[in-house]
């Protein structure tokens, strides 16, 4: 018998991860555990700050180390390589970190990841050759297991009534880090040149002109490590008891209203499933939706600062590093404001699948504005109308990011059982890391070829990115209208 259409509509418009097959359509919203949830928000600020701080100065850094030998077309290629190497090494390790968190707990893995972030940023700031930059980025990716673990903890701290509400705040914290990162990178790069009265006497900062902007997020990660160590409580019962080996001998566990009581090791159904059990349709479809939006996002974000810094005559806007940092910071602020104000409400009105498709559709004009901006700048220079179009592009980036929250909810719902949420998120993050490895390399290589060979009038890169969007929309069409029951 086919399901009742009215029931389907209620299910789709309710921002729930259904834990009971016959759950009522409307339930009172469970208050978020703010004391613990705020710890994850702090962690969410540190992660993107570390990732985004290099965006404004990465093109100039590549020029300064001399690996391009003055060939401007190669700048985009090497910038893309730095991004891709991080995600390539992350893809090799992140599933194991997430899987490990199912066994030993979330907190130890988070602490290892924060240590890796801090150490790798210090190494990056001290790098003087391209290969030392490569090693630093690889170290960053290999030790960064936090992304999947944070998503697992968010699912375990929430239930079906407040999950969409929680995911609306996660992008706010992420955007705060994404805002601060470019500002720090744009303003503090080459401080001896930009602020001679303050830093002009420092021979260290003259020798390492990009150390200061790297040291700031490294310090934030170190402080976050202390906060997490002291205050964050476990959200799952570890399968392996290593409490005697850790400073916190008796860790308190927050019961998970979304997924029921913490897993009991004696229950077969509550044990992490084998890896092969993750290769089922719903996990693959949910992961594909996340991978698709991540591919578009990282391709655009790596091309965007290179486009802004490329001379107008070669297809960009010719902006300086501080201006690029300001644009990226404003972009982060707009995204951070849009998510908590609009995400949960749009989810209730449109439903999960329609909101995801709307967000992906917004990427088409977002990409099309790049060649439009260059065409306008060639004819009139960087005039006021150019900045209006940049503002429109920033708004479209904010709309695109609605897709992330939806994908996270689908992935949590697709988990085979309660004890495998970490493994499911880890598996999804491996695929996302692969996409984020391919995205920067493909997009920035296409940008370099567009400049050098002038294929399709210099617009090859935008055609490649538009093709990505079309493929991703096909994947999104496979998403169900309602969330899977866990």
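A Cβ is built for glycine as well, from the same backbone N, Cα and C atoms used for every other residue.
What TrEMBL says about a protein is an automatic prediction, not a curated fact.
Fair warning: this is a prediction, and the values are worked out from it, not measured in the lab.
Taken verbatim from TrEMBL:
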REGION    1-30  region 'Disordered'
DOMAIN    36-483  domain 'Major facilitator superfamily (MFS) profile'
TRANSMEM  75-97  transmembrane segment
TRANSMEM  109-127  transmembrane segment
TRANSMEM  210-232  transmembrane segment
TRANSMEM  283-303  transmembrane segment
TRANSMEM  355-374  transmembrane segment
TRANSMEM  386-411  transmembrane segment
TRANSMEM  460-479  transmembrane segment
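Contact between the transmembrane segment (355-374) and the transmembrane segment (460-479) holds: at least three of their C-beta pairs are under 8 Å, each pair 6 or more apart in sequence. Pairs of Cβ atoms less than 8 Å apart link the transmembrane segment (75-97) most often to 283-303, out of 210-232, 283-303, 386-411.
If you take every residue in the domain 'Major facilitator superfamily (MFS) profile' (36-483) and average the pLDDT, you get 82. The largest share of C-beta pairs under 8 angstroms with the transmembrane segment (283-303) comes from 460-479, of the ranges 210-232, 386-411, 460-479.
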